[in-house]
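According to TrEMBL, the protein has these features:
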type: DOMAIN; residues: A:1-105; note: domain 'HPt'
type: MOD_RES; residues: A:His48; note: phosphohistidine
type: REGION; residues: A:127-147; note: region 'Disordered'
type: REGION; residues: A:245-292; note: region 'Disordered'
type: COMPBIAS; residues: A:264-284; note: compositional bias 'Basic and acidic residues'
type: DOMAIN; residues: A:288-539; note: domain 'Histidine kinase'
type: DOMAIN; residues: A:541-677; note: domain 'CheW-like'
Amino acid sequence: MSIDMEQFHQVFFEESFEGLEVMEAGLLRMDGGAVDDEEINAIFRAAHSIKGGSGTFGFTEVADFTHVMETLLDEMRDGRRPVTPNTVQVLLRSVDVLREMLTATREGASPDPEQVRIQQAELESVLASPGTAPPEASVDAAPESREQAPEAAGWHIVFRPHPHMMRTGNDPLRIIRELAELGDLQVTGDVSLLPPFSEFDPEECYLSWDLHLDAPVDRARIDEIFDWVEDDCDLAIMPVMIDAPREEAPGPDQSRLSAVSPPAERRVGERRSPEPRRRQERRSGQASPSSSIRVDIGKIDALINMVGELVITQSMLSLLGDDFHMGQLGRLRDGLAQLDRHTRELQESVMQIRMLPISFTFSRFPRLVHDLGAKLGKKIELKMTGENTEVDKTVIEKIGDPLVHLVRNSLDHGLEMPEERIAAGKPETGTVELNAYHKGGNIVIEIRDDGRGLDRDRILAKALERGLVQEDHNLTDRQIHELIFQPGFSTAEQVSDVSGRGVGMDVVRRNINELGGSIEIESEPGQGSAIIIRLPLTLAILDGQTVAVGDETYIVPLISIVESIQVRREMIHLVAGRGETIRLRDDYLPVIRLHEVFGIENPRATDLVDGLLVVVEGEGGQFGILVDDLIGQQQVVIKSLEANYQRVEGISGATILGDGSVALILDIPGVLRLAAGAGDVDQLQQSA
Amino acid sequence: MNAESTIARNHQDTGGAEYLSFRLGDEGYGVDILKVQEIRGWEPVTRVPNAPDYVRGVLNLRGAIVPVFDLRRRLGMEPVAYGKETVVIVVRVQGEEESKSIGLVVDAVSDVMRVTSDSIRATPEFGARLDTGLITGMVTAGERMVMLLDVEGLHQAQAADPATEVGAA
């Protein structure tokens with residue numbers, strides 16, 4: 001065929017990677033011991049689709065490799081081969097190899113032949129080892145599972161299309177023509193089913209064929225040709241041995257064909273029609289990392305409705321404006337209120353388009369936990385909840401690596417070895433939970449384990465050793481937990497290749513801060529620990545608190561604000577005569593005067609009691625920012641300062657206020673650094 | 001758009017270029033008119049904390065955040081109070097990766113002049129008193145001398161300016 005296949009490649013790769021995810025997820029569930037027919041079927045179907053697609057596009061290495069996997073899966077599906085952990089492991093490794101092959105193929109490179117060969121050999125050795133299933137079945141399976149046996153000198157194919165085959169777009173003639181290309185082909189047509197002309201439906205296929213291919217080709221080559229039609233026909237492919245006289249072959253085979261379900265054609269009977277298969281894969285599939293985005297049609301419809309409403313409002317307002325008199329003021333107000341509402345709804349709908357379920361990130365963890373657990377010799381159960389919580393695509397993309405790091409940490413450092421757990425009176429299997437949920441305009445992701453918890457003493461010892469804290473400091477639990485976010489801090493007793501290279505938590509925190517989020521740790525010695533990440537739902541919009549200092553207006557991200565307080569004189573404490581701290585309940589908070597840090601002229605409040613203190617959560621704990629006044633809370637659209645200017649320390653971006661003027665958005669960690677750099681608040685680092 | 005393409009053609013036809021000339025005190029300056037995005041009256045901008053003194057702040061240019069530089073301060077001249085004639089020339093300059101818009105506060109715009117390449121003289125050295133690195137050349141327009149400004153340099157030098165390292169503030 002001379003059709004340009006390139007355009008379909010993208011789709012093929014996308015679907016194949018989805019298929020791999022399906023296979024991986026299914027295999028991991030099987031690994032838990034629960035063998036569900038539907039599970040094996042799903043894996044088989046995914047493998048089958050990849051094989052079919054790669055064969056069609058001429059990626060023969062991929063097709064050949066997948067074929068071996070498929071054969072193994074097929075035996076498992078039929079119950080002729082038990083599902084053993086070993087088989088599952090081999091299949092999981094094969095999925096990895098297949099993924100690499102597909103990636104290489106997509107980039108136009110050829111896959112590493114050595115690796116493929118090794119893995120294929122491993123698969124084949126599993127295939128060659130006898131299953132423990134009923135003996136008669138394995139005998140039946142012989143001709144098919146050994147289909148690459150070299151002794152076949154030719155093939156005898158009985159091809160009986162179902163009447164509807166031509167409606168699926170397949171032409172039996174084309175198939176026969178392709179077969180003829182492989183070698184000498186003898187075709188015997190069977191016209192016995194042809195109806196009288198008056199009942200003849202030109203769109204149905206009444207013919208069937210008996211084909212003798214006189215060429216020692218691979219079974220796979222023949223399978224490839226029938227790939228697209230095997231669901232729509234009765235098909236029997238039998239090798240013709242050199243010593244087997246060809247004349248004998250048709251007799252028994254004909255009778256087998258008409259039998260209800262002879263083993264050689266069981267592929268036919270058990271196949272489901274292709275439509276449901278495809279749909280199922282779509283539903284359970286995960287997207288490959290591409291820059292496109294799949295949007296739920298409901299979201300698009302909602303958007304279109306919204307735009308419709310907006311257009312109506314707009315035309316209403318412009319009619320009103322054409323001939324306006326004061327009597328219509330009420331209508332104008334109504335119209336503007338409507339416009340306001342529609343604009344806000346439209347904005348929300350547009351934002352919805354970028355929202356994807358967090359399962360895109362979570363989906364990699366079952367495999368990770370499985371592999372790592374095996375490597376570390378720990379028994380681990382992974383529980384995930386809230387996978388459908390939606391979050392901005394950019395957040396999804398950027399949160400993946402930090403999460404992997406945190407989960408690895410939990411598995412490696414948090415959870416104990418089985419013996420240790422039993423000794424501590426805990427269940428042998430450790431649990432790691434991944435939860436995601438929405439809370440107050442943010443998405444919260446929790447990673448909880450029931451391991452040993454953070455070791456307070458060891459962290460402290462390490463911090464002393466590194467000179468991060470002074471001996472005589474009395475630190476709260478919270479402050480100790482903060483220490484592990486310091487650069488170069490790792491409490492792992494041994495540096496393992498799993499985690500513990502000390503490049504960890506500070507990078508994790510930085511990544512999360514860059515997303516405008518925050519991270520905190522809860523830990524109960526012996527009971528486990530939890531890492532709680534809060535992220536904004538979207539990076540384009542921010543809930544902000546507008547504050548005034550002097551003549552200037554700034555936005556403080558609401559996510560950072562703990563509370564805002566009016567300072568009373570008795571709350572102020574001087575530290576070594578150098579700076580003030582505010583006693584708030586049991587904490588002493590360092591104070592940053594925004595007008596000092598930013599050099600703002602004419603602040604109304606220079607004394608703490610004159611202004612308002614916005615208590616914010618930053619790296620290293622809470623601190624108070626002194627501002628003149630709080631103006632209000634509003635959602636602001638984040639604009640980049642760097643697009644036309646450059647990064648400004650202490651400022652994360654800008655936004656445009658309702659009056660068209662620009663207001664800058666505070667970057668809380670940056671403000672803290674500025675203040676510390678100015679030498680203004682030495683005590684910041686000490687008390688933090 | 002149409003005007004721009006006309007100008008572009010003019011450039012080719014004459015081997016010269018058109019420059020928008022403006023005044024800073026008694027001195028005349030010019031910028032390549034193809035780099036000029038728009039000219040707008042001065043209006044208060046939002047100050048950027050800890051920025052060099054020549055950065056007046058940022059303004060909202062139809063949704064984009066654009067920095068505004070006081071060109072007098074940028075060139076090391078005495079600042080003056082802004083008046084009715086004070087304008088902001090928004091220029092589009094090529095940054096390292098993408099082009100950026102910058103607003104330049106000047107005393108007043110004069111006119112558009114055509115400059116042929118052979119009429120441009122090299123900039124004499126003024127020593128340390130004046131940063132001549134931003135002047136690509138000088139031309140004589142009638143009685144006046146006009147210094148041609150390198151707007152790209154304006155932006156790049158600003159990015160490397162140590163004064164923008166705010167840690168020391």
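Backbone N, Cα and C define each Cβ position, glycine as well.
From a predicted model like this one, the values you see are computed outputs, not experimental measurements.
There are 22 other CB atoms within 10 A of the CB of A:His48 (phosphohistidine), with all protein chains counted. Note on the domain 'CheW-like' (A:541-677): mean pLDDT across this stretch is 86. DSSP places the residues of the domain 'CheW-like' (A:541-677) in helix, strand and coil in these numbers: 23 helix, 74 strand, 40 coil. Secondary structure counts, DSSP: the domain 'HPt' (A:1-105) has 85 helix, 0 strand, 20 coil.
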